[in-house]
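Visitor: Got a structure here, written out as structure tokens. Questions coming.
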Amino acid sequence: MTSTVTPPVRKTGSGADRGDGGARRRRLPRLPDRIRHGGLPYLLLLPAVLLELLVHIVPMVIGIVMSFRELTQFYINNWDKAPWRAFDNYKIVVDFDAPLGEALLHSFYVTCLFTVITVGLSWLFGMAAAIMLQENFRGRGLLRAVFLTPYALPVYAAVITWAFMFQRDNGIINHVLHDQLGLTDEPSFWLIGDNSFIALVVVAVWKSWPFAFLMLMAGLQNIPRELYEAASIDGAGIWQQIRKITLPSLRPVNQVLVLVLFLWTFNDFNTPYVLFGDSAPEAANLISIHIYQSSFVTWNFGTGSAMSVLLLLFLLLVTAVYLVATSRGRKGSGAV
Amino acid sequence: MRRIRAAAVITLTTALAATVTGCGGGTSTDEGGSNDSPKTLTYWASNQGPNIEADKKILTPELKKFEKETGIKVKLEVVPWSDLLTRILAATTSGQGPDVLNIGNTWSASLQATGALLPWDDKNFEAIGGRDRFVDSAVASAGAEGEPPAAVPLYSLAYALYYNKQMFADAGIDGPPATWDELVADGKKLSKDGKWALGAEGGNLSNNIHQVFALGQQHGADFFDASGKPTFTADGNVAAVKQYIDFMAKDKIIAPGNAEYAQNQSLTDFAKGRTAMVLWQAAASTFASQGMKPEDWGAAPVPVPSGVPGADKQVNSMVAGINIAVFKNTKNVDGARKFVKFMTSDAEQKLLNKTYGSIPPVAAAQADPAFAAPDLKVLRDTLANSAAPLPQVPEESQFETAVGTAVKDLWADAASGTPVTTESVKKRLDKAQQQMQQ
């Protein structure tokens with residue numbers, strides 16, 4: 001195992017024999033052994049960690065500090081002077097009998113439902129398409145490119161196009177469903193009222209399933225074909241092959257894929273914001289929009305930050321539970 | 001492996017944190033206002049014309065004129081209304097804003113409370129020719145009473161009832177309605193064969209507020225009491241909101257599809273002859289850009305219960321308008337004042353207000369015969385006699401969002417056939433009021 005560190009040093013040294021590396025070879029021994037053998041990975045990580053601090057950690061800490069202050073329009077120009085409110089903002093947002101807490105709880109419920117459906121459908125479509133495109137056939141490359149189009153399009157342009165399509169009187173959705181197919185008695189509303197949730201899911205799935213497709217397609221290519229051939233000879237049908245070979249083999253890919261899709265979908269802001277503007281219908285009022293409204297529309301950054309922190313804690317908890325559960329499952333299956 | 005896992009946990013945690021904590025940044029700006037950059041200014045203009053490109057075309061020659069006069073180059077950015085308040089708020093929080101900007105006059109008190117805008121005290125007003133040059137009602141809608149205004153009035157507007165002459169003639173109606181009862185009666189004659197009597201912008205929160213505010217005044221109610229506390233559920237306000245929604249829910253003179261309009265689609269419907277009336281502020285240039293000829297439409301005062309607009313219960317419009325403000329931490333405070341002076345000069349006021357179809361808040365410019373055209377005369381008379389400013393309270397912006405959303409949700413109920421009752425209206429307004437008080 002120790003050789004994993006030394007070969008690159010030797011390589012550099014041997015390169016140096018052709019010119020400048022003599023000096024480099026002389027410098028290297030000056031690094032303390034502790035760093036050379038134990039700290040080198042951390043040294044290499046340092047620039048990234050510093051950037052993370054600057055770009056993520058510092059704003060996050062500021063956000064947490066804000067959540068303890070009364071940060072309204074009276075202080076946003078001078079927010080370090082906003083009065084300290086201790087846990088008052090948190091008490092307000094978790095008071096589920098009051099309008100703000102009630103609205104937060106409602107948006108949390110909507111977001112959970114939205115996430116489960118969107119991630120589920122995205123995974124299902126991605127999986128189906130990836131399996132379909134495993135076989136070599138004429139036009140497979142073209143289909144792959146077409147399937148990836150939603151992933152490549154700019155989000156704003158794509159979602160605003162959906163917003164036009166969902167318009168009640170002039171949109172193509174109602175034109176097809178009502179005028180051409182006659183499936184509805186009268187043109188439906190998609191951007192207001194209860195149907196807005198369906199519209200949101202449709203756009204979100206359309207936007208995120210190509211990512212699932214891409215990941216699963218890459219994962220499928222790592223499964224040896226011989227496994228399928230052997231299974232086929234043994235009389236396994238397509239469903240058995242999927243259940244016994246494909247899904248277990250894709251387990252590591254799925255573990256990451258589902259987690260990433262969950263985090264992206266739960267925090268999705270662009271889709272509802274572009275689709276509905278800054279006042280989303282109740283049925284589609286995702287938590288990201290709700291936090292945005294609390295912060296930027298009603299000008300209460302204190303309660304908005306408190307909600308953000310609670311959301312962060314929730315997502316960390318879910319992620320931790322998920323990682324522990326899936327890694328246990330993996331260990332278990334390995335033991336068998 | 002443990003090290004890798006630790007690094008992965010750090011990375012994941014920080015990435016996760018970044019996705020959910022959007023708040024951050026910000027620099028404090030104290031007194032601000034220097035002249036470190038005397039040769040340039042940045043200007044955020046609100047979208048006044050049919051589109052952003054039209055505004056650029058209109059304003060660019062004027063900015064060149066200003067540059068020629070003063071040697072100060074103005075970098076123009078036209079910001080859509082839907083983005084403007086958020087942009088201003090972000091600029092206020094970060095301290096990184098333009099030097100000069102347009103604001104909706106209804107936001108004046110809210111933005112004044114942030115302390116980010118240069119107060120227009122006597123000294124600053126002197127620098128642009130004095131406060132007396134401006135019409136009183138316009139200055140009154142530039143900030144809270146008793147404090148130096150947060151901005152200077154630039155374009156004044158009021159609501160009028162625009163109507164399609166041909167559609168009225170075809171329905172056998174002599175002229176525009178003067179009372180709401182007449183409007184409903186005429187509306188029922190006009191709403192047939194796929195055409196509708198009145199247009200609305202159900203998804204546009206500000207527009208919702210403007211309409212229910214004027215109706216609320218007619219019902220003798222205000223959305224805030226004298227101490228600045230919200231009174232959204234006052235009987236008059238509930239009646240006003242219900243009356244507005246009932247045009248769709250009960251009277252059936254507004255097309256259900258209008259419930260989701262938020263991008264001025266009601267103006268397009270009007271210009272294309274799909275609706276016969278629309279309540280709007282200075283819509284002439286938009287109608288013209290959509291192919292309508294001036295003789296196709298007429299403008300009349302917004303109806304009132306008695307038919308005669310006037311003060312108190314006969315108020316039929318809010319004092320609408322656009323103000324021009326200076327960011328307190330500008331690096332060119334002298335240049336910014338010069339620019340405000342230029343934009344509010346008699347000559348520019350005449351030119352710009354003529355172009356946009358608005359009324360100059362500068363008294364001398366308002367006297368120009370160009371503003372005596374029939375439609376502009378309606379706006380002028382309304383501003384002079386029967387318009388009231390929206391509440392100049394720091395929470396005005398939140399009020400627009402909370403009550404505007406309540407009205408938007410009620411439109412959605414009406415459009416989908418859910419009954420809209422006094423109770424359901426009161427419930428929505430009560431929720432909006434509670435949100436304001438948290």
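Each residue, glycine too, has its Cβ placed from N, Cα and C.
Taken from TrEMBL, the feature region 'Disordered' applies to A:1-26. Positions annotated as transmembrane segment by TrEMBL: A:40-68, A:108-133, A:145-165, A:197-218, A:249-266, A:305-325. For A:108-322, the entry in TrEMBL reads domain 'ABC transmembrane type-1'.
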Visitor: Restricting to CB pairs under 8 Å, which listed stretch, A:108-133, A:145-165, A:249-266, A:305-325, is in contact most with the transmembrane segment (A:197-218)?
Guide: A:108-133
Visitor: For the transmembrane segment (A:249-266), which recorded stretch in the set A:108-133, A:145-165, A:305-325 gives the largest number of Cβ pairs separated by under 8 Å?
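Guide: So the stretch in question is A:108-133.
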Visitor: What residues in the same chain, six or more past the boundaries of the transmembrane segment (A:145-165), come closer than 8 Å to it by Cβ-Cβ distance?
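Guide: Residues 129, 133, 171-173, 191, 199, 202-203, 206-207, 209-211, 213-214, 270-271, 274-275 contact the transmembrane segment (A:145-165) from elsewhere in the chain.
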